[in-house]
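> Please see the structure below; I have some questions.
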Amino acid sequence: MISLSGLTSSVESDLDMQQAMLTNKDEKVLKALERTRQLDIPDEKTMPVLMKLLEEAGGNWSYIKLDNYTALVDAIYSVEDENKQSEGSSNGNRGKNLKVIDSPATLKKTYETRSASSGSSIQVVQKQPQLSNGDRKRKYKSRIADITKGSESVKIPLVDDVGSEAVPKFTYIPHNIVYQSAYLHVSLARISDEDCCANCKGNCLSADFPCTCARETSGEYAYTKEGLLKEKFLDTCLKMKKEPDSFPKVYCKDCPLERDHDKGTYGKCDGHLIRKFIKECWRKCGCDMQCGNRVVQRGIRCQLQVYFTQEGKGWGLRTLQDLPKGTFICEYIGEILTNTELYDRNVRSSSERHTYPVTLDADWGSEKDLKDEEALCLDATICGNVARFINHRCEDANMIDIPIEIETPDRHYYHIAFFTLRDVKAMDELTWDYMIDFNDKSHPVKAFRCCCGSESCRDRKIKGSQGKSIERRKIVSAKKQQGSKEVSKKRK
């Protein structure tokens, strides 16, 4: 970590380089100076900070230019505030152990206030200067350097350029966790030789022939050697999602989604689509973690950002880099609940919960007597990852959810992974189609209006969105436009 206080002491030694950059009229430098001059920041204050950021970013301008040079402006004002504090009395400082975090993407001050009971730290968001109608004003912004708290392999910042929304309250987790009663039996002994590739070495995708783990995808790997989802597999999954009636389904005798908890009876099962799975290699396989058939297990690799949208959709997720078609983005992570636990949780909760559950129903119809502890769902309301911020978009979303088999060969439990459906440009929002039927009055998602902005929006009766923005609740289901009646009862 580099202290911003070192910027002022290094100004003289860098003057020659600064002058050279100005003399050469570097276009990128001039654009940065144009922005800071709008805020009445003199060049002699901008240049040393800019050089330090470039050094820290390895000469990469992407983060510096992000959001109209927000990182640069933040850094300049951080240096100013630090200099003022060093000149003044230390009695005015609140808290202890003042630290300056100078990440090129998100610069802010952190006051660590240690508590005897929790040892927690409190982050104080710094004021951010901006222009409004030509006038220089300061506006509060929510800015968190890494919402994952170091639990992912990449940092994922959170920003609110609108400055009107509180940071959402939830516990970030990188892996699914069992809430209470869900039956999840993960055991190497339960994985037979036919369900693993014990004789493989290194990278399975480099072998002459596909291994046993490729059996689920018709004897071919679903991934390319570049780590992307193959186009043919991706297109088939998309067709199944858009035209589910054209593909086989299985039907439950007593479907958990059609259960009336008050009467103890079951309605008719509408069928569960037999989805295409990807089976990844796992611990009993002979390959290593760099195997090309372990894409989802390696976790998030893309540069992502949680941000507050300006289209009435609340918080959203966007990419900070260009992404090719078939790129793995993240899993949908949450608590593993039984269908009954989900029903009870929704009955007890308020109507402003932030997420909807993921129903893991791909194998329900194959069971003669499906036990409640085997009818599982994922709920990211209290604990989850960045997927809880992904907004819905009708018909033309740029991501799709794919079921992934990893730890267990049965389909009571599996992973949900998101892949891009097309090339996605940096700063574009990442979206996926929840398959909501807005004409279904009993559907729980009907509680909010669709603001996706798609020309093919299925909620045509609602135009625009006004009033206070709320974080939208998310849902994905293996069924065609079906929601849990247990959830909808709570919403009535």
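Just so you know, glycine gets a Cβ as well, placed from its N, Cα and C.
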> The Zn(2+) 3 site in Swiss-Prot lists CYS200, CYS287, CYS291. Which one of CYS281, CYS302 belongs there according to the record?
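The candidate from CYS281, CYS302 that Swiss-Prot ties to Zn(2+) 3 along with CYS200, CYS287, CYS291 is CYS281.
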> For the S-adenosyl-L-methionine site that Swiss-Prot describes with LYS313, GLY314, TRP315, ASN391, HIS392, which of these is also annotated: TYR223, TYR251, TYR266, TYR434?
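S-adenosyl-L-methionine site check in Swiss-Prot: besides LYS313, GLY314, TRP315, ASN391, HIS392, the record includes TYR434 out of TYR223, TYR251, TYR266, TYR434.
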> How many other Cβ atoms sit within 10 Å of the Cβ of GLY314 (S-adenosyl-L-methionine binding site)?
20
> Which state, by DSSP, holds CYS457 (Zn(2+) 4 binding site): helix, strand or coil?
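SS state of CYS457 (Zn(2+) 4 binding site) = coil.
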> What does the structure give for the C-alpha distance between CYS450 (Zn(2+) 4 binding site) and HIS392 (S-adenosyl-L-methionine binding site)? Integer Å is fine.
8
> Find the average pLDDT over the domain 'SET' (302-435) in the predicted model and report it.
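For the domain 'SET' (302-435), the model's average pLDDT rounds to 87.
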> Counting only residues 6+ apart in the same chain, whose Cβ is under 8 Å from the Cβ of CYS197 (Zn(2+) 1 binding site)?
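Correct list: CYS204, CYS211, THR212, CYS213, CYS281, CYS285, GLY286, CYS287.
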> Would you mind reading off the Cα separation of CYS452 (Zn(2+) 4 binding site) from LYS313 (S-adenosyl-L-methionine binding site), to the nearest angstrom?
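Rounded to a whole number, the Cα-Cα distance is 8 Å.
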> Name the secondary structure element type, per DSSP in three states, that contains CYS291 (Zn(2+) 3 binding site).
coil
